[in-house]
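The Zn(2+) binding site feature in TrEMBL is assigned to B:Cys36, B:Asp38, B:His88, B:Cys91.
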Protein chains: 2
Amino acid sequence: MSAHLDFVQKNAKYVETFDKGDLPVPPQKKLLIVTCMDARIDCYKSLGLELGEAHVVRNAGGSARDALRSILISQRLLGTREVAVFHHTNCGMQSFTAPQLREIVKSDAQSRPENEKEYIGKSVDGMEFYEFSDLEKSVKQDVQFLKDNLLVLDEAKITGWIYDTANGEVKQVV
Amino acid sequence: MSAHLDFVQKNAKYVETFDKGDLPVPPQKKLLIVTCMDARIDCYKSLGLELGEAHVVRNAGGSARDALRSILISQRLLGTREVAVFHHTNCGMQSFTAPQLREIVKSDAQSRPENEKEYIGKSVDGMEFYEFSDLEKSVKQDVQFLKDNLLVLDEAKITGWIYDTANGEVKQVV
């Protein structure tokens with residue numbers, strides 16, 4: 001069964017007690033969180049954040065580079081002045097290399113027509129995946145990337161963190 | 001006060017009752033949600049999702065194009081076979097155009113050295129922002145983008161939704 005078939009029914013319960021319809025658009029804590037898409041992470045709960053307090057950007061790995069467009073919009077149009085980057089233990093991004101993933105995609109396309117195979121090969125060869133091996137180093141590099149990037153506001157406070165999926169704990173790295 | 005100064009204290013309460021340390025890495029519902037970074041959205045609560053059930057990708061606007069890298073990793077390495085794209089009412093992405101945002105960034109950089117101004121101008125001119133004016137159309141376009149894209153698996157079920165920030169309600173568009 002498709003998971004989306006549940007959405008309307010489950011959402012009806014949420015709507016019954018919903019009382020946050022008048023929250024302003026700009027995040028009240030002027031905070032933006034970058035974290036991984038990983039299914040085991042709920043940063044509202046793990047950081048005690050309330051609805052309306054922070055922008056939440058999530059992508060494979062919690063990559064700051066991948067989040068740059070969102071960070072720019074958040075800072076310039078919606079007033080956030082703090083970025084907290086979270087990577088986590090046991091992350092899928094530590095389980096592959098870009099060349100391996102490109103091979104998987106090309107191999108999956110073996111039975112396609114030649115022009116499609118060519119398009120897929122070129123596309124995936126041109127993509128960055130931002131995988132990493134050293135967790136702590138990856139957090140530090142992402143924070144440094146944002147500090148060095150001229151599109152990110154100088155006055156923004158930028159911190160880097162690790163979330164432990166085994167016990168729910170967060171630890172500041174930088 | 002910086003918002004991150006609260007994280008450790010608030011997280012300690014989360015850790016006290018945390019009992020989800022043994023969840024598998026692949027999302028149990030084989031589902032990936034794409035939604036906006038907007039501070040007023042908590043898709044776990046609004047869709048009744050449990051920890052471990054779905055990948056959650058969030059960016060400015062809930063852009064499917066921006067999410068492509070994450071979707072590819074999610075499908076090829078972690079087995080998801082369904083994508084649900086959510087955009088929402090009263091979205092910041094409806095409040096500007098890319099040329100306006102580029103002007104804001106260039107204007108903010110007026111007092112910087114010439115070489116930095118040049119770098120900032122070139123960078124921002126080369127960026128896509130994926131802003132939109134028609135909400136429903138933007139959802140349909142994002143779903144079509146994923147259906148057409150050869151890097152997205154043919155067998156993936158793709159749906160498009162609108163979340164109403166005024167009353168918490170979700171509505172399927174496509």
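Easy rule for this one: first residue shown is 1, then count along the chain.
The backbone N, Cα and C atoms fix where each Cβ goes, glycine too.
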For B:Asp38 (Zn(2+) binding site), the same-chain residues 6+ apart in sequence with C-beta under 8 angstroms from its C-beta are B:His88, B:Cys91, B:Gly92, B:Thr165
Take the binding-site residues B:Cys36, B:Asp38, B:His88 and keep those with a Cβ under 8 Å from any chain A Cβ; what remains? B:Asp38
Relative to the mean position of the Cβ atoms of B:Cys36, B:Asp38, B:His88, B:Cys91, the recorded Zn(2+) site, which additional same-chain residues have Cβ within 8 Å? B:Thr35, B:Met37, B:Arg40, B:Ile41, B:Gly61, B:Gly62, B:His87, B:Thr89, B:Asn90, B:Gly92, B:Met93, B:Tyr163, B:Thr165
DSSP three-state call for B:His88 (Zn(2+) binding site): helix, strand or coil? strand
Smallest number of other CB atoms within 10 Å: among the binding-site residues B:Cys36, B:Cys91, that is B:Cys91
Taking the Cβ of B:His88 (Zn(2+) binding site) as the centre, how many other Cβ atoms fall within a 10 Å radius? 24
